[in-house]
Amino acid sequence: MSEPIRVAVVGASGRMGATVCAAVEHAEDMTLTARLDVGDDLGAVRDADVAVDFTVPSATEANVHALLDAGVHVVVGTTGWTEESLGRVREHLTRAPGSGVVIAPNFALSAVLAMTFARQAARYFESAEVVELHHPRKVDAPSGTAVHTAQGIAAARREAGLGPAPDATESQLDGARGAVVDGVHVHAVRLQGLVAHEEILLGNPGESLTLRTDSYDRGSFMPGVLLAVREVRQRPGLTVGLEHLLDLG
Ligand SMILES: NC(=O)c1ccc[n+]([C@@H]2O[C@H](COP(=O)([O-])OP(=O)(O)OC[C@H]3O[C@@H](n4cnc5c(N)ncnc54)[C@H](O)[C@@H]3O)[C@@H](O)[C@H]2O)c1
Ligand SMILES: O=C(O)C1=N[C@H](C(=O)O)CCC1
C-alpha cells in the first residue's frame, strides 16, 4: 500500500473541522498530522500533504494564502468566496505551480446533484428562485451553496437568452423578496433543528419543478471532503465546486 496522505485540519475545533478530523482518522489511506484552530501557527501544516479549511468567511482567504506559502495543497469548505477573492488565489497559484486548491461550497452528493440538475433545468423555465434553510448558528447568509446554485441558474438562463423572471412586485417590506444573486432571488431561513437544506423552485405557466436537498447530519459532507483530499494533489490550480471531481461540471 502507498504512503498515507498526511492531512492537517484548520478550524479543527468547529462543527465541520471536528467531523473532518474524525473522518480522516477513520480513513485507511490518510493520517491526521495537525488540528489547528484560531490563534495557532499555520506553519504547523508543513508536515502535511493537504490542509483542509473549515473556518469562517472572514478568515478563509488569508488561510489559503498562508497554506499555499507553507507548501501544501488545500481543500476548502468555508463559504464567503467572491470572484475577487477567487481571483487572488488563482494569481497566487501562478507562483506555486503544481499546487492545487479545491474550494467547494457544498461537499454533499445530494447538494452537488441538485445544483447540477438545477443548471440543466433552468433554461426551460420562466421563473427560478432558491430557498436555503440552515441551523441558527450559521454566521453567513445566503449560504455559499445558494449563491453557487443561483450563479449556475443565472449562467444557464443567460446562455438560453432568457430575460428576467416575471415579477410584478411594486412595493415590499425590506428583504421580503430575498437577496438577488445574479438576478436570481435567494431566500434564507434559520431554524432550530435544521442542519443544511435547499429548495430550488422552477416555474412555468401551469407547472413547477422543485428540487430539494437535505443534509440531516454533517457526515453527509465527509465522502466529498475525502474525495477532494485524494484528488487535489493531481489537480494543480484552482477548482471551484465538487461537480468537477464527479465529472458533472
Ligand atoms: N462546503 C461544505 O460542504 C460545508 C458544509 C458545512 C459547513 N460549511 C462551511 O464551513 C464553515 C465552517 O462551518 P462550521 O459549522 O464548522 O463553523 P464553526 O463555527 O463550528 O467552526 C469554525 C471554526 O473555525 C475556527 N476559526 C475561526 N477563525 C479561524 C482562523 N483564522 N484560523 C483557524 N481557525 C479559525 C473557529 O474557532 C471554529 O472552531 C462555514 O463557512 C460553513 O458555511 C461548508
Ligand atoms: O452549516 C453550514 O454553515 C453550511 N454551510 C455551507 C453553505 O453555506 O452552503 C454548506 C451547507 C452547510
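Each residue, glycine too, has its Cβ placed from N, Cα and C.
Matching Asp29, Asp37, Asp69 to the NAD(+) binding residues that TrEMBL gives (Gly11, Ala12, Ser13, Gly14, Arg15, Met16, Gly77, Thr78, Thr79, Ala104, Pro105, Asn106, Phe107) identifies Asp37.
Close contacts with ligand 2, defined as a Cβ under 6 Å from any of its atoms, occur at Asn106, Lys138, Gly144, Thr145 among the recorded positions Arg15, Asn106, Lys138, Gly144, Thr145. Of all Cβ atoms in the protein chains displayed, 27 besides its own lie within 10 Å of the Cβ of Ala104 (NAD(+) binding site). Summarised by DSSP class, the composition of the domain 'Dihydrodipicolinate reductase C-terminal' (111-246) is 50 helix, 40 strand, 46 coil. Ligand 1 lies under 6 Å from the Cβ of Asn106, out of the recorded positions Asn106, His134, Thr145. Taking only the Cα positions, the spacing between Asn106 (NAD(+) binding site) and Thr145 ((S)-2,3,4,5-tetrahydrodipicolinate binding site) is 6 angstrom.
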